[in-house]
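Here is what TrEMBL records for this protein:
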type	residues	note
DOMAIN	1-201	domain 'SPX'
DOMAIN	460-653	domain 'EXS'
TRANSMEM	252-273	transmembrane segment
TRANSMEM	293-316	transmembrane segment
TRANSMEM	337-356	transmembrane segment
TRANSMEM	376-395	transmembrane segment
TRANSMEM	402-420	transmembrane segment
TRANSMEM	464-482	transmembrane segment
TRANSMEM	526-545	transmembrane segment
TRANSMEM	566-586	transmembrane segment
Amino acid sequence: MTAEEGGQCEQQFFKSLDNELNKVDKFYKSKVKEVVEEAQNLSKQMDAFIAFRIKVEKAPTRFGFDPPPSSSNMVPMSVFKGDSLSNDSVEENDKNISQEIQEEKPKNVTSNIFASINILNHVKINEAIQTHFPTTKQTELNFSKENLKKIEKQLKQAFIEFYQKLRLLKHYSFMNILAFSKIMKKYDKIASRRAARNYMRIVDDSYIGSSDEVTKLMERVEATFIKHFSNSNHSKGMNKLRPKTKRERHRISFCSGLLVGCTAALVLSLIMITHARNILNKPGRVQYVENMFPLYSLFAFIVLHMLMYAANIFFWRRYRVNYTFIFGFNRGTELNYREVLLLSFGLATLALASIISNLDMEMDPKTGDYKALTELLPLILVALVIAILICPFNILYRSSRIFFLTTLFHCICAPFYKVIFPDFFLADQLTSQVQALRSLQFYICYYGWGDYKLRQNTCKANDVFNTFTFIVAVIPYLSRLLQCLRRLYEEKDPMQGYNGLKYFLTIVAVCTRTAYGLNPVTGWRILAWTCSAMAAIYGTYWDLVVDWGLLQKQSKNRWLRDKLLLPYKGVYFGAMVLNIVLRFAWLQTVLNFRFSLHRETLTAIVASLEIIRRGIWNFFRLENEHLNNVGKYRAFKSIPLPFNYDEDEDQDD
């Protein structure tokens, strides 16, 4: 390479480097401007919160006024204003303020409190604090301790999210400066130059290298949070602002492996017992299968879904899908795939042990007088699982259980709660567990009506049971439809209407298919086949195009999308084909293909295929959501603030 060509290459190199520096600097500056504005808004929110707390926690004094219980509550929140303050200086300043307040004359105390409470004349509380119904209105302040707790909780969450945003910005600045430093060191080494020091001066003089706004804001947020939300307990406040990364524990892996071995051993034992005692050829086997299969298949469906979810978590983490942010999990409390495997194989071990115990008691002549009691084993297992799920003690991942139960409650109460991602994601999972819900329905019938005592199955001959067969099958889809209508009302997004239409078609298909199963005549068969085909085609299109974001003809990855996380494009095409095949698998319940299998077994296989399809759908659905978040620079939850100032309303008008 000639000297002239080398000079041109160097010129192009530094030009590209300058462009990258300008791009990074511009982006960082815009984000710092956003957090400064957000800090000012939080400052105003804290002023209103402190005044609100004074008003609620009032107590008469000899001066005839209502001072707050602590000096910190009387001082307007000013840590976002003025110069940077360290934690020590803030604490020292608080002590000085407290001493001044104690030494002040009653007249000054009264005037300070009036000045603080006067803020409340210019604010209104968001009605969302008080109700779950969709509204954007503001209401007059209701000075109750219940509202104070809600406001404090909401502001605490807002500060934690804001602090995480500041930490990420600081990390962004550090990583980019480090990148420029490494690039220049590499350049000096290859070109035998000493340009790194001079160029790093330019980087240090840029906004991203010289601005300390983020550091100052972090110090102020720490001081404010510790003072007002942690009772001046520094370690407690910092633990909430900076939650520790969850440690991977070897005992989880050991216990999971142990339970995998137990599950495998119990499966082998079940097969050997079945063949050794020739259970499949004994009289009464058909009745026994029809009774026991729906009872125990419930656990098989749940375990399979948990295994798919564990696989989802493994691949989300491997390909850096930010699923903890998408689901809104609390940092450090989310379950990893090892813990999900532990729970799933633990449940599988209990279920298999119950099945073997049931078979053993069934075949043992010594327990012949207690056959009704042997029928209670599945019910005892269900009761145990429910008891663990609602256990209030801090054992077996209480935070995850509370999160699951809360989300499930939101699904049941749709559309009375604002719909967020975990709500409709769980509702989608329930649409793949219709057969499990029907198993629960069978539990109620079999044990509630006393069939287990006579070891009979009269459920399907009962009109009430058949009516609830329709209702139970429709519940997940109806919940999802109501969620779509709620989002359509709030967001005015027509796509939610089209999504709701998909679930409406599915409800019609499920009802006609159920009617055909109860009354297999030609008319119901044609109607069920037509509705099922329409719902399957619509659902498949929505899966591939809307939920996964694929089949984009103009994409640089033809028929896929521009950004892909998986390195192999064939995986996406294979997933699309598999999704279509599994989508149409349950059409065989209408087409009546002949298989040498019991009807209950065939139904369980089709239900299992749907759960597998849902597990595949989960990965690509969250991948698409993650890429959308990355494209929109969305990495933090949007926390609605409790107060609205009068000037904010005027600006909106």
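The backbone N, Cα and C atoms fix where each Cβ goes, and this holds for glycine too.
Computed from a predicted structure; not experimentally measured.
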Listed stretch, out of 293-316, 337-356, 464-482, 526-545, 566-586, that has the most CB pairs under 8 angstroms to the transmembrane segment (252-273): 337-356
Stretch-averaged pLDDT - the domain 'SPX' (1-201): 73
Range from 337-356, 464-482, 526-545, 566-586 with the greatest count of C-beta pairs under 8 A to the transmembrane segment (293-316): 337-356
